[in-house]
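Undergrad: The structure follows.
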Amino acid sequence: MRNIFKRNQEPNVAPATTTATMPLAPVAPADNSTESTGPGESQEDMFAKLKEKFFNEINKIPLPPWALIAMAVVAGLLLLTCCFCICKKCCCKKKKNKKEKGKGMKNAMNMKDMKGGQDDDDAETGLTEGEGEGEEEKEPENLGKLQFSLDYDFQANQLTVGVLQAAELPALDMGGTSDPYVKVFLLPDKKKKYETKVHRKTLNPAFNETFTFKVPYQELAGKTLVMAIYDFDRFSKHDIIGEVKVPMNTVDLGQPIEEWRDLQGGEKEEPEKLGDICTSLRYVPTAGKLTVCILEAKNLKKMDVGGLSDPYVKIHLMQNGKRLKKKKTTVKKKTLNPYFNESFSFEIPFEQIQKVQVVVTVLDYDKLGKNEAIGKIFVGSNATGTELRHWSDMLANPRRPIAQWHSLKPEEEVDALLGKNK
């Protein structure tokens, strides 16, 4: 047993080996004093090396020291300026956001207060929002006043209207005045319309003009007298200042009447459709001959009681506002779409062709009274729109007839343009 135990223990004993032993240097004990080479000392060495290298590189640059210092100062200033701008922008943005936020809260509070106050007011008055708006009254605009007179002759069945004077009219012109005149007519019939003379540059015109309407007394009650004051403008549409309406069934015509009435706002007159006319122009320069052919008209204004007209056409050759020659067509009875096809010739030398105008007027023939103008146009070198284009086409195509439709214009408008072109 003892032998077995010894045999089992033998492998645990390491065999003796011969190894070369190296002499070891004595190891100094660890010391935490400042004399040891730590990381702080290595960083200082690196910084010193970098500093030395940096100055060596600078010394290689072929510039004087003062130039290098100046460049460094400028670079520093630029850097500081950029930093300042960035900081300022950030601060302003924060301030703006804060201000808008505060303003939004304030507006919300104000709206809430206003709504609450409005609700309280509505509760006190018992009015809803729509009813409150309806109660607001606009102050009437002061348009001035008109003095007029009325006198009815029962034996002659004739109403005499006197337009006496106006006062305190508003200024519609640039100079602080107006050029007023009065239109007088009886509704619902606008065919018979009178006008006073134009009074220049005044707000208190004295008209003192009378006009007569032949109306049976039985029919007078269904009519309304209208006296509308306009501001005359030579080169554009006349502006209405105001009007006085007198329903005749509210007036006692047993004795003459004279009174003042305030002007009320008048409705602007829509441009009246007067109809269209087709004309043909032909000019032969070598012969100095102008041929005007009146072909037809359509959709003319109704001038007669029966809803028709008796139209005919007048042609005037004019130069510098003077009538040189006059021609006219035959009368076409009871029609608003007459067909004429009538030609008229005028002798005009080539050197004068650009100095003349051809005025075409459509009139309604009246056997008993005055023939009334339905509408008017003129063609020539100083015309405008389709009239000027028609004249230019005629001159560009000598010896060739050029036909063109034209819309009729009010007589006074065309006369004003002709007067401007004198």
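Backbone N, Cα and C define each Cβ position, glycine as well.
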Undergrad: If I look at Swiss-Prot, which residue among T128, T196, T329, T384 would I find recorded as phosphothreonine?
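TA: My reading of Swiss-Prot gives T128.
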Undergrad: Per Swiss-Prot, what member of D173, D189 joins D179, D231, F232, D233 in binding Ca(2+) 1 at one site?
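TA: My reading of Swiss-Prot gives D173 as the candidate in that site.
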Undergrad: Of the residues D310, D393, only one is listed by Swiss-Prot in the Ca(2+) 4 site with D304, D364, D366. Which is it?
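TA: Answer per Swiss-Prot: D310.
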Undergrad: According to Swiss-Prot, one residue among Y230, Y283 carries the annotation phosphotyrosine; which one is it?
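TA: Going through Y230, Y283 one by one, Swiss-Prot flags Y230 as phosphotyrosine.
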Undergrad: Give the number of CB atoms, excluding that of T202 (phosphothreonine) itself, located within 10 Å of its CB.
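TA: Counting Cβ neighbours of T202 (phosphothreonine) within 10 Å gives 13.
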Undergrad: In whole Å, how far is T386 (phosphothreonine) from Y230 (phosphotyrosine) when you measure between their Cα atoms?
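TA: About 29 Å separates the two Cα atoms.
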Undergrad: Tally every other Cβ atom lying within 10 Å of the Cβ atom of Y230 (phosphotyrosine).
TA: 24
Undergrad: Quick one: average pLDDT across the region 'Phospholipid binding' (136-382), no decimals.
TA: 88
Undergrad: C-alpha of T386 (phosphothreonine) to C-alpha of T202 (phosphothreonine): distance in Å?
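TA: A Cα-Cα distance of 37 Å.
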